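**Student:** Just passing along the structure, written as structure tokens.
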């Protein structure tokens with residue numbers, strides 16, 4: 001079973017995504033802020049991380065850098081509602097290295113197909 | 001008296017000479033003595049009244065010297081039968097005439113004394129000299145002494161006063177002697193009866209004579225003294241008067257020789273002026289004699305003449321002379337009396353004054369300011385300079401003598417009166433701006449300065465007039481320009497104000513945009529949850545009735561997202577990413593998508609492409625797509641309800657090198673009011689939408705350096721035209 005780590009400060013969002021991925025048969029872990037996300041990441045290993053950017057305590061960009069420094073080959077998809085257009089990710093030197101970017105509200109099927117491609 | 005005595009002497013001598021010829025027994029005195037006396041008297045007369053010019057004085061001296069010589073010869077040789085004492089007297093007399101001054105007076109006095117002594121001795125019977133010569137000597141000496149002014153004899157006479165004790169005594173004393181002598185003689189002879197001693201008789205007679213002589217002398221003296229006193233007084237007054245006059249007073253004789261001078265005259269010409277001819281002092285050749293000739297010909301008028309003469313210090317001075325003829329008692333011209341005044345400095349001052357006056361006149365005339373001189377009150381024009389002539393148009397001849405009111409050069413004469421009052425009261429210049437008038441009647445603004453000037457008795461006014469019409473005009477222009485400038489500034493200010501307003505608006509919009517962006521972002525999170533939840537429901541749902549509802553939710557979530565995207569796109573303009581595109585192909589591809597979509601709504605899209613194949617422009621592709629989508633979308637919204645038609649045209653304006661893209665619809669259109677606001681963000685006539693469509697379109701076009709035009713008519717439709725620069729190499 002493949003493990004996913006979902007990081008988002010929106011609890012409802014996390015719940016819905018957990019529901020989506022469990023139905024798909026993934027092992028789902030989650031965190032509500034950047035700091036706890038890094039704790040979860042230390043406890044376990046994950047095939048993919050779904051990362052929100054704008055978060056309290058520690059924001060997505062810092063989390064992204066921390067994970068990549070630990071494990072440069074870790075697959076990460078950015079799922080965010082607060083960074084404007086998708087193009088912006090390309091201009092961001094950190095987030096540019098992400099394996100995918102989805103702007104909320106996204107089409108769930110597209111996200112799932114992207115994950116299948118990656119793991 | 002002098003003439004009388006001397007003439008009598010000559011006469012007597014001549015009678016004596018005649019008698020000595022006719023009857024030698026009757027001879028009264030020796031003929032030689034008579035000749036001497038005749039010569040002597042003639043010499044005196046000649047000396048006194050002879051003409052200097054003809055050497056009379058020299059002649060007189062020659063005559064008297066001859067007398068002297070003969071007398072001296074007689075004294076030494078006794079050859080001429082003159083008694084020793086007589087000859088001595090003649091010598092003394094001659095010397096006294098020749099010497100004339102103090103020693104002369106002493107001699108004359110001595111002669112007088114001895115003559116008297118002779119007379120007495122003769123009467124007394126001791127006659128060692130003849131009686132007649134003694135009388136002559138007496139007469140002559142007295143005559144000489146009297147003639148000599150301020151002589152000892154005169155002074156001696158003058159010491160008597162009619163009221164002095166001495167004089168009072170003299171008359172009774174002399175009369176008493178006569179009376180006593182005669183009385184004793186008579187008594188004595190009477191008592192002796194004719195046998196009396198004749199010597200005693202003679203003594204008494206002599207005493208009587210002496211008393212008589214005294215009495216006579218005193219009487220003569222009184223008569224003299226009165227005349228002399230008067231004469232002396234008059235002369236004294238006259239001479240002190242003449243001396244006191246600061247002017248030079250000179251007397252010349254007929255031949256223009258100076259014979260008298262006052263103190264000033266001596267001071268000017270020098271002590272030796274008497275006896276010199278007037279022309280001796282002339283500087284350079286001059287016609288002064290011609291000018292004064294009438295005086296010497298008997299003219300009664302005083303003649304004025306100016307003449308350069310040499311002063312005693314050798315300097316040349318200009319004298320002004322007033323000459324008048326001088327006549328003797330018979331009315332014969334005996335010379336002239338002249339007064340003179342040194343006018344050298346005066347003349348120089350006059351010359352300087354004239355020069356400075358001329359200078360002033362020149363300044364007056366050459367001054368560029370118009371200057372007039374008028375009387376203060378009546379305004380009589382006394383003088384005006386050339387500038388004034390030119391300014392007012394009157395010639396000096398026309399104006400002078402008339403009043404300025406008459407000349408009508410003051411538009412408001414009361415202003416002049418006001419100024420004159422102020423100037424006279426303060427005695428300073430007063431300046432004021434007034435209206436003046438030319439001869440032609442043309443009025444002009446002028447700056448007037450007035451200053452009162454007092455010229456002797458007259459109260460005058462100097463007025464300087466300056467034509468300030470040019471300044472006025474300049475001022476007007478300046479004021480007008482000022483006004484214009486003010487208006488311009490106001491206009492600019494208005495513009496700035498408008499801009500400020502716009503800026504404030506855009507700032508507000510920008511703030512609003514920032515706010516909107518924040519909101520939009522925040523909204524995306526819940527939208528994400530809704531859409532994901534909807535997916536979960538769809539997957540887990542087994543009830544087919546719910547599927548339609550879930551689809552609606554999904555649709556509206558994505559519609560919401562589009563609104564948010566639009567809002568974000570407007571609020572945060574992106575940097576352009578220019579790419580070279582084939583404009584025709586790009587447009588066609590996009591329109592094809594919309595054509596299919598709109599076909600369901602029965603809206604037709606036509607595409608009219610007038611461009612050459614493969615026309616490229618540089619644009620940001622994403623933005624271009626957004627632009628076209630918005631324009632077409634707007635048109636669609638406007639005409640969908642009536643099954644409208646959309647015409648998209650592509651053309652090129654070769655002159656302006658511009659691409660022209662227009663999107664035309666036959667929709668409901670807009671009225672003018674809406675048209676004005678069409679580009680404002682958040683303005684919309686639609687039921688749905690945020691009203692950002694056209695604003696975003698214009699923002700995109702502006703960013704590309706193009707222009708947007710909007711044409712619309714209510715009920716007929718709307719055309720939006722966009723122009724881009726066609727230049728293929730253009731990079732914005």
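A Cβ is built for glycine as well, from the same backbone N, Cα and C atoms used for every other residue.
Under the heading domain 'PAC', TrEMBL lists B:303-355, B:430-480. Look at TrEMBL and you will find B:356-419 tagged as domain 'PAS'. Residues or ranges marked as domain 'Histidine kinase' in TrEMBL: B:518-728. Annotation source TrEMBL lists transmembrane segment at B:26-46, B:58-77, B:106-124, B:130-148, B:169-190, B:202-222.
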**Student:** Taking DSSP states H, G and I as helix and E and B as strand, how many residues of the domain 'PAC' (B:430-480) are helix, strand and coil?
**Tutor:** 12 helix, 31 strand, 8 coil
**Student:** Looking only at the domain 'Histidine kinase' (B:518-728), report the model's average pLDDT.
**Tutor:** 82
**Student:** Looking only at the domain 'PAC' (B:303-355), what are its DSSP counts of helix, strand and coil residues?
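**Tutor:** Looking at the domain 'PAC' (B:303-355) with DSSP, the answer is 12 helix, 30 strand, 11 coil.
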**Student:** Under the DSSP assignment, what numbers of helix, strand and coil residues are found in the domain 'PAS' (B:356-419)?
**Tutor:** 33 helix, 13 strand, 18 coil
